[in-house]
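**Student:** Features from TrEMBL:
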DISULFID  79-89  disulfide bond
DISULFID  94-100  disulfide bond
SIGNAL    1-28  signal peptide
C-alpha cells in the first residue's frame, strides 16, 4: 500500500507559523487610545504599554494579552521629558518616566481592566482623583464616560463596588481623552 507523500519542511513551518499567529491574536485585546483634547496628553498603561505622547487628534494602539489582571490606562498632563524619556508630569506622573512600569501619582482618572479568557471586566475610577475627561468602552459592553470628579460612571470611593462592567473576552477597547 502506498503512503501519502510527506509534507515538506517549508510547508510545516508555514503551518506552524500561521497557527501560532492565529492563537496569539485570539488571546489579545486591542486598546485604541485617542486624544480629543485641545492639549497634549501623555497616556500611560500598565502592566502592558508603558507610555507615549499624544498631541490633539493622535491615537496610540496597544495589544494586551489575555490573562492580564489589574491593568490601568490613564492620562498624564503637564509633562516634560528629555530625549531619554526622563522628566515628569504635573498629574499622573509615574516616577519621572515617559514609559511607565508603575502606576501614576494622583490625581489621575483611571481606566481599569482585567482580561479573562471568555469574559473581561472594566471600569473607570476617580478614587485617586480626577485630572482629565475620559471615556472607556469595550466592543461588546457599555460605554463609560467621566467628564468631572463626580462622574456617575466611575468609582468615586473605595467602598463603592457597583461600577465594574463585563464584556466578552478578546474584545477591543477604546479609551478617549476629552470625549
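Placement of Cβ uses the backbone N, Cα and C atoms for every residue, glycine included.
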**Student:** Report, as a single number, how many Cβ atoms besides its own are within 10 Å of the Cβ of residue 89 (disulfide bond).
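**Tutor:** So the Cβ neighbour count for residue 89 (disulfide bond) comes to 24.
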**Student:** Name the residues of the same chain, 6+ apart in sequence, whose Cβ is under 8 Å from the Cβ of residue 79 (disulfide bond)?
**Tutor:** 40, 42, 53, 87, 88, 89, 90, 93, 98
**Student:** Taking the Cβ of residue 94 (disulfide bond) as reference, which residues of that chain separated by at least 6 in sequence fall under 8 Å from it?
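**Tutor:** Within the chain, residue 94 (disulfide bond) has Cβ neighbours under 8 Å at 44, 46, 51, 76, 100, 101, 102, 103, 104, 105.
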